[in-house]
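Everything on this sheet refers to the single structure shown next.
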Amino acid sequence: MWLSLPRSGYGSVATLTSKRVLACLTPLRQFSTSPAVSNANHKNVDNINKSPANDAANNAVEKGDKPTTSPEKLATKAEKSSANSVKAAANALGESNLSNSEQRRLDWIIMKDMLKYIWPKGKTSVKFRVLVAVALLVGAKLLNVQVPFFFKEIIDDMNIEWNSATALGVGITALIFSYGAARFGAVLFGELRNAIFASVAQKAIKEVATNVFRHLLKLDMAFHLSRQTGGITRAIDRGTKGISFVLSSMVFHIIPIALEISLVCGILSYNFGWKYALVTGATMVSYAIFTITTTSWRTKFRRNANRADNEASNVCLDSLINIEAVKSFGNEGYMVDKYQSALTKYEKASIKIATSLAFLNSGQNLIFSSALTAMMYMTCCGVADGSLTVGDLVLVNQLVFQLSVPLNFLGSVYRDLRQSLLDMGSLFSLQKVAGQIQESPNAKPLQLTNGEIRFENVTYGYHPDRPILKNASFVIPGGLKTAIVGPSGSGKSTILKLAFRFYDTQEGRILIDGQDVREVTLASLRSAIGVVPQDTPLFNDSIMNNIRFGRLEADDKEVENAACAAKLDALVRQLPDGWNTNVGERGMMISGGEKQRLAVARVLLKNSPVVFLDEATSALDTNTERQLLANMDQVLGDKTCVAIAHRLRTVADSDKIICLNQGGVEEEGTQAELLLKDGLYKSMWDAQEQVELGEEGIKEAEEKAAKKDV
């Protein structure tokens with residue numbers, strides 16, 4: 001089929017996220033960011049691992065009128081909309097460099113948006129879980145603070161002369177058991193908190209991921225053809241992993257850390273004086289400033305790693321999706337080198353992440369160790385002059401180390417939180433990508449009578465400076481078979497995409513039974529049209545399920561009948577697994593002709609009143625093609641059928657033939673009428689006849705030679 005735009009299939013995006021492809025991406029996956037893993041590794045682990053162009057036209061168009069908005073203004077609006085979408089998509093894939101202030105602004109927006117998952121409206125069970133988790137958290141912190149006091153009392157009570165006759169008193173024994181119970185209770189409350197809150201985080205992950213996936217499927221073809229799917233899947237993968245950490249951080253880290261630091265500082269100040277409060281306060285301020293400043297500096301390394309990760313994923317995905325081409329041209333080595341080059345970029349960025357992490361950890365440890373040394377010195381002086389006891393020394397030591405836990409969390413949580421927010425920013429940016437194809441607020445379901453399709457002064461081009469259709473006007477009569485033919489680049493397949501509203505016209509309008517396609521709902525429009533594309537999009541699933549994709553509610557018998565009409569039943573009977581035979585990635589385990597018959601079966605099962613056939617039999621042999629076309633003519637009956645064809649013999653029986661050339665209608669009529677005109681169609685027909693007659697002569701000679709040999 002002649003095309004002016006590289007084809008990717010009418011549903012190929014959905015096939016790109018197969019398990020086989022995603023499996024190759026797992027070596028680059030991040031470490032888990034669940035609360036349990038974060039707590040275990042908080043010190044040393046870093047997560048290295050409504051189209052504006054058409055609104056004016058729609059408002060201006062009345063029945064029989066042309067848009068009053070000039071093509072130049074329409075193009076300008078379309079470019080602005082496209083530019084905004086591209087910018088949002090670039091943010092989503094880590095391809096744009098945000099300043100620190102812009103990144104912080106985005107972080108706050110994300111955290112504000114995540115609050116609705118912690119405290120959702122109308123979901124009492126979720127709110128109850130959050131309240132219980134918070135109560136367990138407070139209980140754990142209070143028990144944690146009690147542990148050093150029990151230890152101090154034990155030390156002071158034990159600071160006596162002991163001999164073999166001395167026994168532990170009831171008080172000391174009770175303190176020892178209280179010490180153990182407090183430690184165990186703090187840990188138990190923490191684990192119960194994690195278990196109870198887990199469902200809240202997982203529900204949020206499911207809801208966000210589903211919303212993003214739904215939005216991606218609603219975006220127009222222009223977006224999907226301009227983006228690399230590998231980068232999108234990685235953005236979703238990283239973003240969903242960050243949701244759990246951000247939610248748990250908001251509930252279990254930020255507020256609790258502030259609470260614990262306040263408790264420890266208050267105790268030190270109350271029990272030991274203002275000097276301890278001064279050291280503690282200076283430590284807090286120094287630690288926070290150093291951590292925030294250093295982490296902000298490190299963010300660019302993480303962004304570079306994400307960009308390299310996306311690049312590697314894209315190379316891997318493209319290689320596996322096009323594995324046949326890779327092997328056919330023997331370019332395995334080239335693709336490996338390309339993949340390794342992307343991994344090298346990821347390696348360099350990851351090394352910078354690791355080395356900057358070492359600097360961060362060292363600086364944090366220096367600040368904390370200095371504070372610990374100062375406090376221990378002051379306490380030892382107090383013990384020496386008798387104002388403090390040995391138990392007080394132990395208490396200060398324990399409280400300072402108690403302070404180290406929230407301090408370390410402050411550093412690691414802020415660091416990991418920034419990384420998670422950076423990853424989530426990509427995920428949420430995908431939701432802000434505005435599709436160029438928008439449904440009108442007043443859209444109504446398409447009402448079909450006879451299925452007439454009318455193009456009125458339609459101008460469209462995939463690029464503004466290269467229009468494919470130029471002020472084209474023609475009518476596809478309802479209930480009849482119409483063929484669209486023409487040389488390469490004349491806009492044949494573009495007509496299908498515009499009728500289906502994969503794209504919107506830049507000028508003019510398209511009417512189906514008198515209804516502008518931009519004024520009807522997308523669901524009703526696309527359910528009314530069935531398509532057999534030249535490049536058949538198949539899923540890595542069974543033959544039965546691939547055909548049933550045309551109408552999901554169809555039963556097995558209906559699927560089998562559609563396959564029989566498409567001459568596919570004979571193939572199925574020969575297969576060991578029959579209808580359950582898997583067709584492989586993009587249908588690579590069956591032949592091109594078999595794929596086309598499967599696509600025909602799918603559209604026959606859909607049973608839509610309008611059918612487009614885009615070179616639907618180009619991969620079939622002559623006999624199978626004739627049988628299939630005869631079957632389809634019988635099955636389609638009085639449906640509106642539009643056949644886009646290169647081989648003119650396959651559409652010679654059409655009720656009407658529209659011949660396109662240079663973006664407009666060159667001529668139209670029946671086969672006989674066009675041959676009498678002696679125009680473009682006649683010249684194309686004669687050229688093909690000469691080729692086919694030559695091929696038939698060669699075939700006859702080969703058959704005669706074979707009989708002679710026998």
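Glycine is no exception: its Cβ is also placed from the backbone N, Cα and C atoms.
With respect to the membrane, Swiss-Prot annotates G169 and S296 as residing on opposing sides.
Counted with DSSP, the topological domain 'Mitochondrial intermembrane' (378-392) comes out as 10 helix, 0 strand, 5 coil. With a 10 A radius on its CB, R298 (glutathione binding site) counts 21 other CB atoms from all the protein chains. Nearest Cα neighbour of G491 (ATP binding site) among the listed binding-site residues (R298, K300, S362): K300.
Look at S493 (ATP binding site): DSSP puts it in a helix. Confidence over the domain 'ABC transporter' (453-687), given as mean pLDDT on the 0 to 100 scale, stands at 86. Sequence-distant contacts of the topological domain 'Mitochondrial intermembrane' (378-392) (same chain, at least 6 residues past either end, Cβ-Cβ under 8 Å): 151-156, 159, 271-272, 275-276, 279. In the structure as shown, the Cβ atom of P487 (ATP binding site) sits within 10 Å of 15 other Cβ atoms.
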